[in-house]
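Annotated features in TrEMBL:
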TRANSMEM  21-52  transmembrane segment
TRANSMEM  64-88  transmembrane segment
TRANSMEM  95-115  transmembrane segment
TRANSMEM  127-146  transmembrane segment
DOMAIN    182-408  domain 'Major facilitator superfamily (MFS) profile'
TRANSMEM  183-204  transmembrane segment
TRANSMEM  216-236  transmembrane segment
TRANSMEM  248-265  transmembrane segment
TRANSMEM  271-292  transmembrane segment
TRANSMEM  304-327  transmembrane segment
TRANSMEM  339-357  transmembrane segment
Amino acid sequence: MLSMGIVKSFGILYKELLDMYGQGAGVTAFIGSIASFVQAFGGGFCIALGFFFSVFATKLELMFITYSLISGLGFGLIFVPCSTLINFYFEKRRALANGIVVSASGFGALIYPYLYRFLFDEFEFSGAMLLLSGILLNCCVAAALCRQPKQLSTMKKNEDQSVCAFLKKVFTFRWELFKNKSFFIINVAFAVTLLGYGANYYILPAHVVHLGYSRYDAALCMTILGITESIARIIMGWLTDLKLLQPKCIYAGSMLIGGIGAIVFPLTSSFSLVCAYAVLVGIFPATFYTLIPIILVDILSLDLLPAAYGLVNMSMALVFIIGQPALGYLNDLTGTWNASFYAAGSILMFAGIVTFLEGQFHNKQKNLESTQTEKDISCTEQKLIASDLIENQENSEMAMPSTVTDRK
């Protein structure tokens, strides 16, 4: 909640940076995208350290180092282990467990917009960043409470504890997973989904202010999104565990609905409809984090989940570091955020269509494999029957001479 709530509230900080440094939207958005790029590394202390150093950032370029690089390292270390470790504790209610875990970031998005607004108004930029760095030190406390399942701890005791073996595991990436066609396609879908869904946390507050509403109204929209997201992720996990639909079908449908909503959204300027759009984002595209581990386990296996999740996060960061500034530059070119919402909606629809096609391909492959297996079993049975017939025939031929001798 502490770390991901900060990430999702970057839209409030984003507006402050635009006003403070006077740079273009594309350049300023680049700060948040770099933070996502380095989410595979770091620690809780790095998060607080990055915010602390931001107090002394007199130029926007320094924020690339303090917020993007140093804090981004911390966000990575907190996010990845917490997202994968929980899956080793649950099997029947795995989706619900993931929904509860990722819903915490929604509660963070609920709290931080108002906290940001209050701190910036009362203590200005430097004082706010200093106080936030102190709050974020609690990530270190939360990280210390993480424990591995007993079976994993027992397995590690029996493994080679040499330094070379440890380093080999740490610096080994399972690149061969990209050879799995299903994983490759789903990985692309997840990567672009983060861009289409995550863009709302950056461009929605700025768009609300651009429509003429106050910054507190923008914070209210983000709060609504956070509340909806937190509740929807838990409900989505519960529904997924009922197995009424395949997780990939739920994911594809959610992305299509979210994409259509993002494309239609710029056509309205009513604040009630703006809030309705925030609810839609929280219900549909925001729930994809609940489904990532479930879909990866279905495609691969639980043992490969940590490696696969790491590769997925790397891919999402690579797309985000390029795509997020591009959405900002669209605002610089057109003067409004409408084009950015059109692009985000199209990206979400692309993710839904790709996932649907992958599901059809996966089912076809399964049918072919089952048919081939049946053919192999049938051929094996026929060979066994033929072998038995030949053996019986040979036995009968060997028995014939003795029968003739007995008659004589």
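Cβ coordinates are placed from backbone N, Cα and C, and glycine is handled just like the others.
Heads up, TrEMBL stuff is auto-annotated, nobody curated it.
Looking at which of 64-88, 248-265, 271-292 has the most CB pairs under 8 Å to the transmembrane segment (183-204), the answer is the stretch 271-292. Contact between the transmembrane segment (64-88) and the transmembrane segment (339-357) is not supported: fewer than 3 Cβ pairs lie under 8 Å, counting only residues 6 or more apart in sequence.
Between the transmembrane segment (248-265) and the stretches 95-115, 304-327, 339-357, the greatest number of Cβ pairs separated by less than 8 Å involves 339-357.
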